[in-house]
Amino acid sequence: MSSTSLSNPTLSTPFVGHKLPQNQNTKNGISYFPAIRRHRSPRCAVDMPYGENAPTFPRVRVWDPYKRLGISPYASEEEIWSARNFLLQQYAGHERSEESIEAAFEKLLMASFQHRKKTKINLKSRLKKKVEESPPWIKNLLNFVELPPVEVIFRRLFLFAFMGGWSIMNSSEGGPAFQVAVSLAACIYFLNEKTKSLGRAFVIGLGALATGWICGSIFVPMIPTVLIHPTWTLELLTSLVAYVFLFLACTFLK
């Protein structure tokens with residue numbers, strides 16, 4: 001039968017006239033196709049989920065915030081900030097690590113703030129207690145003194161420091177009479193603004209000027225001449241002392 005099949009080339013079969021697809025193989029009369037492999041491009045770090053390639057913070061479960069950040073319990077705020085920034089940079093991209101670092105940092109920052117606030121309150125209470133235990137004359141003296149805001153102190157300090165510098169710059173031309181008059185007027189203006197009494201402001205201003213001038217006249221001659229510039233006269237140095245008294249009067253007196 002096999003010879004008949006070979007001798008008759010025109011024998012028709014179901015597969016005659018059909019071309020097998022490319023890469024198609026036959027085995028035992030059964031056709032099959034090889035598996036088609038899909039080309040997959042390698043995944044880059046951008047395609048990875050957030051934090052998958054980032055390093056993990058090893059102290060996520062450490063309860064002590066100091067040990068979690070790797071700093072001493074006596075670390076300053078600058079050291080706390082430095083440790084936090086360093087760890088965030090080292091473990092950037094891992095969400096859980098960043099949250100753990102931020103939580104420890106915020107806990108330490110809040111503790112530092114509460115400690116400063118408690119210390120400030122304790123300092124005020126101690127000063128108040130010292131004042132209450134002081135003699136009556138000290139209490140009466142403190143009733144005439146107040147502590148203004150820091151901005152007010154610096155503004156008035158700058159004004160009288162400018163007057164002192166102006167007097168020193170013009171020391172070779174003449175006396176500081178004009179600068180002293182301007183400083184006295186400024187002191188009276190500030191006192192009147194505070195006390196709402198021009199008469200009281202005028203008395204306190206003149207008293208501060210007289211006190212400063214007397215103290216300068218007494219103590220300035222005791223300064224060794226080696227420490228004094230040759231062009232600085234006794235009048236100039238006395239006026240500098242008067243500026244200090246004027247500043248204290250218009251800033252801290254009620």
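For all residues, glycine too, the Cβ spot is worked out from N, Cα and C.
Residues or ranges marked as compositional bias 'Low complexity' by TrEMBL: 1-14.
Annotation comment: TrEMBL describes 1-20 as region 'Disordered'.
Among residues of the same chain six or more beyond the transmembrane segment (175-191), those with a C-beta under 8 A of the stretch's C-beta atoms are 156, 159-160, 163, 166-167, 198, 200-202, 204-206, 208-209, 233, 235-236, 239, 242-243, 246-247, 249-251, 253. Per TrEMBL, the feature transmembrane segment maps to 175-191 (among others).
Residues of the same chain lying 6 or more positions beyond the ends of the transmembrane segment (198-220) and with a Cβ under 8 Å from any Cβ of it are 180, 184, 187-192, 234, 237-246, 248-250, 253. Under the heading transmembrane segment, TrEMBL lists 198-220 (among others).
Positions annotated as transmembrane segment by TrEMBL: 232-253 (among others).
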Excluding the flanking five residues on each side, which residues at least 6 beyond the ends of the transmembrane segment (232-253) place their CB within less than 8 Å of a CB in that stretch? 144-148, 152-153, 156-157, 160, 163-164, 167-168, 171, 175-176, 179-180, 183-184, 186-188, 190-191, 194, 204-205, 207-209, 211-213, 215-217, 219-221, 223
